[in-house]
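As recorded in TrEMBL:
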type: BINDING; residues: B:346, B:406, B:409; note: [4Fe-4S] cluster binding site
Ligand code: SF4
């Protein structure tokens, strides 16, 4: 996985709360045994009508949101199942950053493990990302994980918190398992002590 | 300052603790199933890595399998997924209860049943309802596929310790009110976000009075309240449930273990980040009306209208739930007609659930407009129920009696609710499309589901139970 530093991109908004993983990637697409190619099924039931034709009213089907790399959404994004197919689908579709008021725990971890940066901002801050609220202009944002900051086109800056360990992991694009394997002695020691006690 | 159960479980599993890092936790039991594991095994293979402790892994297939004619998986991708798990388990030396096993079942049903789930363990599985195992005083939580791979390779996970919440439930439950109603009530009142960032300890007299199976139902759905995990202090009920199970410690070792397990309680001076107190007598039979588990009301309730919302966001979410569920708002829940009834899932498919539902069903007939299925949580539950003649009660009434699996809980197999139909379901999620595109799910307890099957509509199961057995003043779970 390549490292994550700074990204400038277009942000699509999906202004809904409690978007669950069944909406992000419906279960009929969980039967594959690889990680690739889930993007076309992202938000499937919202993106397509029953007969498979595109739903023109759905936010991500609007011409102006095409090519977005940032997704702005509401509270409790990614609630529900632990399926990692959800971040695989988001990433495959092209999203590298998700900005939300809050995330479900497992989903948050799953994002980080797949090189997607989940950012928590307050409802007010999320409002302020939009430089022009009267017309729904798609914001372009610059996100620096290094500085833990989101900057909009007007130059407003929004700081976000991020766990230092996961930050390091994302920035360096480390393979977490290789890192942990260096703890082999400690793991062995733990196992040994457990047997003895 | 005293320690909570969570502190004790956490501290006893820390392998490494360093500044500015999460703790490295040791994992005692890793449960696997066919849907969230293939990419993890592929990852190992790609990097030429081994499974560090295959003896601490245990696999089954449940999500994707048929519940009739189980060996004949028609869908090619489903079959491939099942075969992939078989192949992976063989290659990496992991024990698998496959389709042909007498012990096969939903992963969260068979873990406890086989004595794999024990007090004091850390337990993970690539499935959010791993919280179920917390009912035994284990620290059990769901993980994603990358973490599955990490545990396979290292038997550990990097974890930041969550905040802790004590949910105290005191008093006696009313007649016809079950553990399912308790957890639905909690989510209805505190929301699907209430537990985000927390591990919950359920305590109080109501919880102590619960059977192990009721405790599992409670912990199972704590994830629907957003919690990472939930725990209940193990007690004599826990020990006697565990005793004699296939993988549980035997004889003298068992007694020694019990002494250790007795220490898994929160000290009286332990401090929680949040405490919620609930009075059990406030709780009624519950059912969901919308598309999140918090859109939930007592059976006596009335569906809300969009005007009643406090904010624009809430108004939008009520509106979209009403339209998905085919309601206008203001309807009474009692009397809403259903076309499907599903008794199953890791929330409510254990023997006591089936026995309770059968009490309602006995001597009755499923309403002619309803298709009702019972999917036991495991093949063992199925056999035990058959030994007690329970299956006959369901079959005579017109229910279908299936093989075990996740089935209509998530509809990955053929067990799907058609678009626009309503289903009274004992499962745990009522998200849009969960049971099939356009399917309308109403979450209920097994006895409420049974009553809906007979009446063809939602009714207050308490009145049915009264006429059936007026002696019983509260329907007690086993
Ligand atoms: S029964 Fe439903 S909730 Fe439980 S493990 Fe299976 S799919 Fe998940």
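Note: Cβ is positioned from N, Cα and C throughout, glycine not excepted.
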Those binding-site residues listed as B:406, B:409, and which of them has the most Cβ atoms within 10 Å of its own Cβ: B:406
Number of other Cβ atoms within 10 Å of the Cβ of residue B:346 ([4Fe-4S] cluster binding site) across all protein chains: 29
Neighbours of B:346, B:406, B:409 excl. site residues, C-beta within 8 Å of centre, [4Fe-4S] cluster: B:62, B:63, B:106, B:129, B:344, B:345, B:347, B:349, B:405, B:407, B:410, B:427, B:428
DSSP three-state assignment (helix, strand or coil) for residue B:346 ([4Fe-4S] cluster binding site): coil
DSSP three-state assignment for residue B:409 ([4Fe-4S] cluster binding site): helix
